[in-house]
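Worksheet for the structure shown next.
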Amino acid sequence: MKNTKEPFIHITRREGMPVWKGLLIRAAAVLIALIVSAILISAAAPSSKGFFGFFGSLFSGAFGTERRIWILLQNTFLLLGVAVALVVAFKMKFWNLGGNGQVLMGCLAAAICMYYLGGKLPDPLVWLIMLLASLFAGALWAAIPALFKAFFNTNESLFTLMMNYIAMYLVAFFISLWYPNGTGAMPPLTEGALPALGEGQMGRSLLPILVFAVVTAAVYLYLRFSKHGYEVALIGDSKNTARYAGINVRKVIIRTLILSGALCGLVGFLLAGSVNRMVSTTMDDNMGFTGIMVAWMGKLDPLIMAGVSFFINFLERGMAQVCTDFGFTSEALSDIVIGLIYFFFIGCEFFILYRVHIAGTRKKAKTDAPASPTRGEGERHEAPPAEQTGAKEAN
């Protein structure tokens, strides 16, 4: 038998890892990424505040004042709302990339109601119409690609992606219709807007926080314990199996995407009606794509995604302050650092899923099952000699 040389690096898939160990690896990856980012910022800063100044600015940008804390929480729950909306579709392996467009359509529907009905109808009635219109607009924008997917098996990724651009130009059209001589920006609307729930920034931030805390819990229970959630998961595993189980796959696809789009429309309703009280082509703030990152990093679990959403918004708010304190006028470096942290965080998933062995250091685990012998390898099992067999029979 010819001896085979052991490879220098050998990669095997882990059978399992304790939860605490996975969390420790992720925390270490984030810490290393922050240290590398601090070194890069300190080296490139025009007026350096030093290595530790990076961390001071990072936390100051997120938690420096009461107003910053409320904005951080507000943005966390708005992003979480989009991510939760996308998870409903992702569980079914319907890749809804149209979160931006669905949010914008919700914003536009709310703004139309405020513009045409504000001051003409009682405010509570306007708010109800705004809510229903935003839910309908977001659901419609998701239902169109869902229908084509269900009946014609079109590519949902491209379809939902293209719908984003249509929504953006619809918003631009209405702004130019309402303010033809303006700069393309819409001033805040006061009539018909949702009321604040308190004083200052807290009053404007509290409503989105409360709404999406409830929505996140509801979606978690819906996906985990309801019959509809079971159908969504089964279709995601295998459409054929779902059909054999008697599930109407087309109906579930359309129903699930209507729910996903309606939740995105709810985000738009709160953005236009409460947070900003107006609409713009960039109001979605790219939350549709960032929400995909939140959903993936959160393992499609709404409760874990809440922590991921908080972490991402902490980075964005903190890095904005870092750029200001260190004298950077462009946000490019901030985006690079955030991307670097994402890279480290995502890269650590490899070490969670796989074990890397270096030649000479690999040890066989006692619990490892022996490999089944193949031709040319392992022990050779020979039949006993004929003389011995005959002697045994004679005895």
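For all residues, glycine too, the Cβ spot is worked out from N, Cα and C.
Record features, source TrEMBL:
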type: TRANSMEM; residues: 23-45; note: transmembrane segment
type: TRANSMEM; residues: 69-90; note: transmembrane segment
type: TRANSMEM; residues: 102-119; note: transmembrane segment
type: TRANSMEM; residues: 125-147; note: transmembrane segment
type: TRANSMEM; residues: 159-179; note: transmembrane segment
type: TRANSMEM; residues: 205-223; note: transmembrane segment
type: TRANSMEM; residues: 252-272; note: transmembrane segment
type: TRANSMEM; residues: 292-315; note: transmembrane segment
type: TRANSMEM; residues: 336-354; note: transmembrane segment
type: REGION; residues: 364-395; note: region 'Disordered'
Task: Contact check, the transmembrane segment (125-147) vs the transmembrane segment (252-272), 3+ Cβ pairs under 8 Å, seq sep 6+ - done: yes
Task: Distal contacts, the transmembrane segment (23-45) - CB-CB under 8 A, six or more residues away - done: 51-55, 58, 311, 322, 326-328, 333, 337, 340-341, 343-345, 347-348, 351-352
Open item on the list: Against the transmembrane segment (102-119), which of these stretches has the most C-beta pairs under 8 Å: 159-179, 205-223, 292-315?
Closed with: 159-179
Task: Distal contacts, the transmembrane segment (292-315) - CB-CB under 8 A, six or more residues away - done: 30, 62, 72, 75-77, 79-80, 82-84, 86-87, 90-91, 97, 99, 216-217, 219-220, 223, 338, 341-342, 345-346
Open item on the list: Could you check whether the transmembrane segment (205-223) packs against the transmembrane segment (252-272) - three or more CB pairs closer than 8 Å, residues at least 6 apart in sequence?
Closed with: yes
